[in-house]
Amino acid sequence: MRRLAVLTSGGDAPGMNAAIRAVVEEGLHHNIEVIGVQQGYKGLVEGNFRPLGINSVSQAIRRGGTILYSARFPEFSQLSVQEKAVQVMEENGIEGLIAIGGDGTFRGALALTKLGFPAVGIPATIDNDIPGTEYTIGFDSAFSAATTAIDMISDTAASHNRTFVVEVMGHNAGDIAIWAGVAVGADAIIIPEEEYFMGDIARRVRTSRKHGKDHGLIILAEGVMGVEDFVAAYSEEAPEQDVRGVNLSHIQRGGSPTGRDRVFATLMGAKSVDLILHGQSGIYVGIIGEELAVFDMIDTLASSKHKVRDDLFELNQALTDRY
Ligand code: F6P
């Protein structure tokens with residue numbers, strides 16, 4: 001193999017650039033040319049390519065977002081569009097693809113594999129919702145950004161003895177809500193994976209206020225409902241509380257990646273190149289514990305569910321269940 005392509009697709013995630021940089025550096029280490037595909041699968045079909053060298057990636061490790069841009073491109077589910085992508089890559093002498101992104105990105109990579117084109121995935125999404133791996137690039141940065149933002153909100157919440165409901169991202173997964181919720185000592189964490197009762201949430205906030213806490217904090221995962229609807233329903237249940245709602249929205253997807261995201265992205269980026277050079281395809285590189293692990297994309301995409309950390313959720317429930 002002489003020439004590899006790398007792309008990022010789906011929602012951007014801090015650390016994607018660190019993975020791109022590792023792919024380029026590992027490629028150079030093996031004397032392979034790495035071509036950057038701009039705007040994900042859309043750019044692949046359009047031949048929107050640019051060569052990547054050390055000069056284009058050396059500073060990228062500390063930058064959020066993706067230097068290759070990203071796009072959502074549902075048309076890539078069509079066979080004719082996938083075949084066109086293979087044709088464009090072959091015309092450009094590209095012999096393999098590293099695809100960085102979430103499950104939609106893996107679906108695209110798997111389709112190329114089925115057409116006989118080598119493709120390997122790297123999991124990158126702030127939602128942490130890919131079955132198999134315990135870790136996806138961007139999650140650590142996103143939950144840390146959410147934690148910082150909620151800490152700021154806590155200052156003003158405490159000054160006015162208010163209850164704040166903070167909506168965080170996560171698509172249909174509660175990971176950001178659980179981790180940020182534990183990190184800020186939330187009174188309640190509301191996630192799609194667990195039932196909740198407004199009366200019980202109000203009781204938790206009330207009892208913590210009774211024991212001297214000067215504000216209330218409820219962390220709401222976006223997959224449950226929007227913060228405005230939640231605040232309306234909660235205020236009926238707790239009319240004595242002065243309640244405000246905040247949606248952290250895309251703030252938590254931006255910014256410089258954490259050291260942890262950079263390190264794991266670097267590990268996975270380098271490994272993906274080694275695997276594709278050894279003839280592997282239709283797989284993705286993930287993390288179990290602190291170690292690299294390799295997963296089959298077919299199994300991953302067929303598997304119904306990513307699992308959230310129930311133990312952390314239960315711990316927070318226990319800590320906030322006061323009398
Ligand atoms: O998948 C990442 C994510 O940020 C989700 O948490 C969120 O639901 C979605 O993307 C938002 O997408 P967009 O930026 O296209 O509005």
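Just so you know, glycine gets a Cβ as well, placed from its N, Cα and C.
Cross-referencing G11, G170, G174, G181 against the ATP binding annotation in TrEMBL, which names R72, F73, G102, D103, G104, T105, picks out G11. Going by what TrEMBL states, the substrate site holds T125, I126, D127, R162, M169, G170, H171, R244, H250, I251, Q252, R253, and the candidate of E193, E194, E222 recorded there is E222. Checking the binding-site residues G11, F73, D127, M169, H171 against ligand 1, the ones whose Cβ sits under 6 Å from it are G11, D127, M169, H171. Taking a C-beta cut-off of under 8 angstroms and a sequence separation of 6 or more, R72 (ATP binding site) has the following same-chain neighbours: S9, G10, G40, G104.
Under DSSP, R244 (substrate binding site) is assigned to a strand (E or B) in the three-state scheme.
When the Cα atoms are compared, M169 (substrate binding site) and G11 (ATP binding site) turn out to be 12 Å apart. Apart from the site residues G11, R72, F73, G102, D103, G104, T105, the chain places the Cβ of S9, G10, G40, G101, R107, G108, T125 no farther than 8 Å from the centroid of the site's Cβ atoms, the recorded ATP location. Within 10 Å of the C-beta of R253 (substrate binding site) we count 21 further C-beta atoms, all protein chains included. Neighbours of the ADP site: apart from G185, A186, D187, K213, D214, H215, residues of the same chain with C-beta atoms within 8 angstroms of the site's C-beta centroid are S154, A157, V205, S208, G216, L217.
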